[in-house]
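J.: For reference, TrEMBL lists these features for the protein:
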- 29-260: domain 'G-protein coupled receptors family 1 profile' (DOMAIN)
- 12-35: transmembrane segment (TRANSMEM)
- 47-67: transmembrane segment (TRANSMEM)
- 87-107: transmembrane segment (TRANSMEM)
- 127-150: transmembrane segment (TRANSMEM)
- 170-193: transmembrane segment (TRANSMEM)
- 205-229: transmembrane segment (TRANSMEM)
- 241-261: transmembrane segment (TRANSMEM)
Amino acid sequence: MAEGLEAFARDIGHATALLVGIGVIGIVGNLNILWATCRKRSLRSTCNIFIAIAALADVFQQFGNLAMGCTVFSGNVLIPVETCFKLQVMSTFGCTVSSFMLFMTAVDRMVCVVFPRHYKLSCNSIILPIGVIVSLSVASLFSVTSYFLMDPGFRICGALMDLPWTLAPYFFVLTVSLICSTVVLYAIVWIAVRRRNYKQSKQMLKSITAVSICICGGWLATMGLGLLFNTFHLSSSYATALYIGALLNISISLNCPLLYFMSHDYKLAFKEQFRLLTCNATFVITKTRESQVTAYSGR
């Protein structure tokens, strides 16, 4: 038995290490988004708030990878389900909230572009509270239900492993439905932007395309395959499941880079934060006629 667990731990070791590495990158990037939202008033629109909530949810979600890494690399590959629930419940909670925030961000953009006259009246009074309340309520419902329907025995402490076997299909159906709806909404926005003469239409089209492919693509790949395997009871190694999950985690880690390249406001905020983290120190390269001099200056 012990030899079998050691062999299994070696089998999933590389995939676990990959998820931990991606998780650390994602946590740093999403905390950077939260910091920017807190610092900048210009980043507190309804859409920005949804992005910030999604970033916080993604931080919780990726801490689940660190929890799995701790159990696998410490030799505790199989742990009691109750312990697994305690370690992973916030990760699943974050995953649920994040999928809702992706959908609500798309709703916000769709209303802004297709119904601009109604947007200012509805964004803060309707869209924002509904999105937050519904996402937190559904995520809490999954957590509470998972606790009361907890399966007995031992499990690998991986992502979503706090969900009972009977509840997992509903989770996959929900997330796949939300992400598919998100893609449809972005398609509507994309068509509307193409037909209208916006000043920044090209940039908006690039942003929509990038989000749909990089973010929604990773979510759909992971959750879609999860739904497929769960529905038809297809068998695969747990290492394969972890590599499939890496697609979602890569998408989460791309939040910060995409905002940096696609949004001028976020780019400025991230640059300011980098200077703060480096104690306002920059290297200034000055050229003279005779030679190139590198001078150190603190700002």
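In case you wondered, yes, glycine gets a Cβ from its N, Cα and C as well.
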J.: Sequence-remote contacts (6 or more beyond its ends) of the transmembrane segment (170-193), Cβ cut-off under 8 Å?
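T.: Sequence-remote neighbours of the transmembrane segment (170-193) are 92, 95-96, 99-100, 102-103, 105-107, 109-110, 113-114, 138, 142, 160, 163, 201, 204-205, 208-209, 211-212, 216, 219-220, 223-224, 226-227, 230.
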J.: When you scan the chain for residues with a C-beta under 8 Å from the transmembrane segment (205-229), skipping those not six or more beyond its ends, what do you find?
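T.: Sequence-distant neighbours of the transmembrane segment (205-229): 99, 102, 109, 160, 169, 172-173, 175-176, 179-180, 182-183, 186-187, 189-190, 193-194, 236, 241, 244-245, 247-252, 254-255, 258, 262-263.
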J.: Near the transmembrane segment (47-67), which same-chain residues lie under 8 Å Cβ to Cβ, leaving out any that are not at least 6 residues past its ends?
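T.: Same-chain contacts beyond the flanks: 19-20, 22-24, 26-27, 30-31, 33-34, 37, 87-88, 90-98, 101-102, 104-105, 108-109, 112, 128, 131-132, 135, 157-159, 249, 252, 255, 259.
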J.: Same-chain Cβ contacts of the transmembrane segment (127-150) under 8 Å, 6 or more residues past its ends?
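T.: Apart from its flanks, the transmembrane segment (127-150) reaches 46, 49-50, 53, 81-82, 85, 89, 92-94, 96-97, 100-101, 104, 107-108, 111, 162-164, 166-167, 171, 174.
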